[in-house]
Amino acid sequence: MCFSFDTQGFRQAMMMVFAVDEINRNSNLLPNITLGYSLYDNCGALFIGFRAALVLASGQEEQFLLQENCLGTPPVVGIVGDSYSTFSIATSNVLGLFRLPMVSHFATCSCLSDRQRFPSFFRTIPSDAFQVRAMIQILKRFGWTWVGLLISDDDYGVHVARSFQSDLTNSGGGCLAYTEILPWGNDPAELRRIVDVMKKSTARVVMVFAHEIHMYKLVEEVVRQNVTGLQWLASEAWTSVDVLQTPDFMPYLGGTLGIAIRRGEIAGYKDFLLRIHPDQHHNNYGNSIVRFWEDIFQCRFSPPPVDWVEAGGALCTGQEDLHKVDSELFDVSNLRPEYNIYKAVYALAYALDDMLHCEPGRGPFSGHSCTSLQRLELWQLVYYLDRVNFTTPVGDQVSFDANGDALPIYDVMNWLWLPDGTAKIQNVGEVKELPKGEELTLHEDRIFWNFESKQPPRSICSESCPPGTRMARKKGQPVCCFDCIPCSEGKISNETDSMECTSCPVDFWSNPQRDYCVPKKTEFLSYHEPLGICLTATSLLGTFICAVILGIFIYHRSTPMVRANNSELSFLLLVSLKLCFLCSLLFIGRPRLWTCQLRHAAFGISFVLCVSCILVKTMVVLAVFKASKPGGGASLKWFGAVQQRGTVLVLTSIQAAICTAWLVSASPVPNKNTQYHNDKIVYECVVGSTIGFAVLLGYIGFLAILSFLLAFLARNLPDNFNEAKFITFSMLIFCAVWVAFIPAYVNSPGKYADAVEVFAILASSFGLLVALFGPKCYIILLRPERNTKKAIMGRATPKT
């Protein structure tokens, strides 16, 4: 005798009775066999349910005789129940020793899937492992990665929490903002603390894996603290509980999403309930019907308790009409736990039926034997339960996997808050397990969201990191809490929430947004940029001036000014200067192998040819004035035309040999330099051999200094024929330019090094051109009266 009457539990018990009666009327299932049953009320207490299981197990005999009057110990071959996971764990630990089959309709703890520990346990409700995976699918669908978890303080809650934390981490579906254990009994302080945690957390989604009693007390505290703006996710334990759908609770619980046991429609069950009557004492549940009748009609059968009479309570007559009673007991439109009981009874019946249809000699046991009701051992029925497979009238397939779990499927429910203040639980989808994984089907347009936006809320710890950034974990916080760090230069991330930035290929660089690689900018002294255009124009201008002066000298080659200044060397000097101007063009444009090899060779040979001509001219000037002195005529024989050409040729050949050795040993090559700028490719010519380049410049410098010294010694000779002062000035400009060039060249990166070298070539070439040919052109073109032999010879007379 329990202290109170549980209407819901009574309806579930009646479902077992209904299923047994339906099977007994079925001529195709267990023909000529009548199933019986015994009902035990555990009163919601573990020790009562455990004692009942022991009574059933200990009452077994190895064999029993079938008698027409069914006297003796009832042959219990299977148990349907228990509802609670904790009760089922305790009971199954014992029943498993006897291999007594136990088929639960409501125990969901994933621990019960341990076949070693619970070898004879089966269930028609999915385990919490699948329930957790189903919840994770819902979280993923709406992008909720930051959620709170509330669990009951029992095996059900503890195993759910453990499974949820593991599966959520492995799936990458999100993180738990907090995990709190709801207390048993009345603990207002602990409930206030838990609700305070919920209120302060940034998680907008709260999952609750607990029982109805836990949830009721929790929501009372939520209402008391007026905590709104939360999206509740309900486990199957309280998804369909009507007691929570009150006008006081719905402003807070409206829009709740939850998973519920698969609903089934069972024909004839309502009529069966309405036929219940206290006169049915011949059934095993007679006393239960009396308690039910007294509870639903609020009366007592005679003799009533004294306190009931004193309180003026009514007496039951047995004539009361159930059709006039408005009770949830008769609402069979939403059968969920009852449907699981229905499937559990049928599973045991089909297992017995398969066993009795065994053909002798083709059985599954030793020697291909079969068994019978007279020789039935319980482990043999477990064997057939493992292999049972049938379809319910609703069309659902029922079978058990290797762990005794049913094929997983859940309905997804939504709490609809109607305008009139009432509530309705509506089906908005389903989640089931397929060979490839869980499949969630949702009708999102039907979901009621209890928010002003009428849209699903956002519940994340950190906003997603856009492309161009990477995720950086916040120290001491879950993986869902992170900062978005921009990728460094040269690295990109082209996906949302990238963990790392990837480096661009060698010839590529990151764009400003750091979300894709772009080809690096190329840099070289180009003909298309202002600097290149100016240098090219200057080079061509110098070349043109050289050509004009050469034309002037050729046109006036018979004049004393041209003839007196060694016209052959002047022509050769103009040609070499022209080559010097033109060789600067090799330094402009994208470096190629041939331009790299040719630019320094052409530059070195052209300048040596030019300086050699100047050196020979200087030596000739000195020889001429030495020969004008008494006894100095013999020196002129060493500076004839042949000797002059030979000297220029030999000096130029030495430079040609230096260039050849340089190109053969370590030739200059084009190079893509990325050291100056990370985001640019600087095309340059690598000199190959620094020694070769230094020897080339050193040789030019040696000839230039030698020419300067010789010209400096001849600076005080008479002005008439004295070209030495112009050579001195030109060599001074030449040496100054190239002395300044070396440090500027070394410290100039990339294309600016080429620009410095071109500038040095052009500056020194113009210096030579202006200093050596400027005065001559002035006399030839503007002062023709001084371009006469008499004038030149006259000036040859020393001044007194």
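Each Cβ is built from the backbone N, Cα and C atoms, and glycine gets one as well.
Within the chain, the transmembrane segment (530-555) has long-range Cβ neighbours (under 8 A, six or more residues past its boundaries) at 562, 567, 570-571, 574-575, 577-578, 580-582, 584-585, 588-589, 751, 755, 758-759, 762, 765-766, 769, 773, 776-777, 780-781. Per TrEMBL, transmembrane segment is recorded for 530-555 (among others).
Under the heading domain 'G-protein coupled receptors family 3 profile', TrEMBL lists 531-796.
Long-range neighbours of the transmembrane segment (567-589) within the same chain, counting only residues 6 or more positions beyond its ends whose Cβ lies under 8 Å from a Cβ of the stretch, are 524-527, 532, 535-536, 539-540, 542-543, 546-547, 549-550, 553-554, 557, 595, 598-599, 602-603, 606-607, 609-610, 613-614, 616-617, 620, 641, 644-645, 648, 754, 757-758, 761-762, 764-765, 768-769, 772-773. Annotation comment: TrEMBL describes 567-589 (among others) as transmembrane segment.
The transmembrane segment annotation in TrEMBL covers 601-625 (among others).
Same-chain neighbours of the transmembrane segment (646-666): 569, 572, 597, 600-601, 604-605, 608-609, 612-613, 615-616, 619, 688-689, 692-693, 695-696, 699-700, 703, counting only residues six or more beyond its ends whose CB sits under 8 Å from a CB of the stretch. Feature annotation from TrEMBL assigns transmembrane segment to 646-666 (among others).
The annotation transmembrane segment is assigned in TrEMBL to 686-714 (among others).
What TrEMBL records for 726-746 (among others) is transmembrane segment.
Counting only same-chain residues 6+ beyond the ends of the transmembrane segment (758-781), those with a CB under 8 A from a CB of the stretch are 525, 535, 538-539, 542, 545-546, 549, 552-553, 556, 559, 561-562, 565, 570, 573-574, 577, 580-581, 583-584, 587-588, 603, 607, 610, 614, 723, 726-727, 729-730, 733-734, 737-738, 740-741, 745, 787. The transmembrane segment feature in TrEMBL is assigned to 758-781 (among others).
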**Prompt:** In terms of Cβ proximity under 8 Å, which residues at least six beyond the ends of the transmembrane segment (726-746) contact it?
**Reply:** 611, 614, 617-618, 621, 697, 700-701, 704-705, 707-708, 711-712, 714-715, 753, 756-757, 760, 763-764, 767-768, 771-772, 775
**Averaged pLDDT, computed only over the residues in the domain 'G-protein coupled receptors family 3 profile' (531-796)** = 80
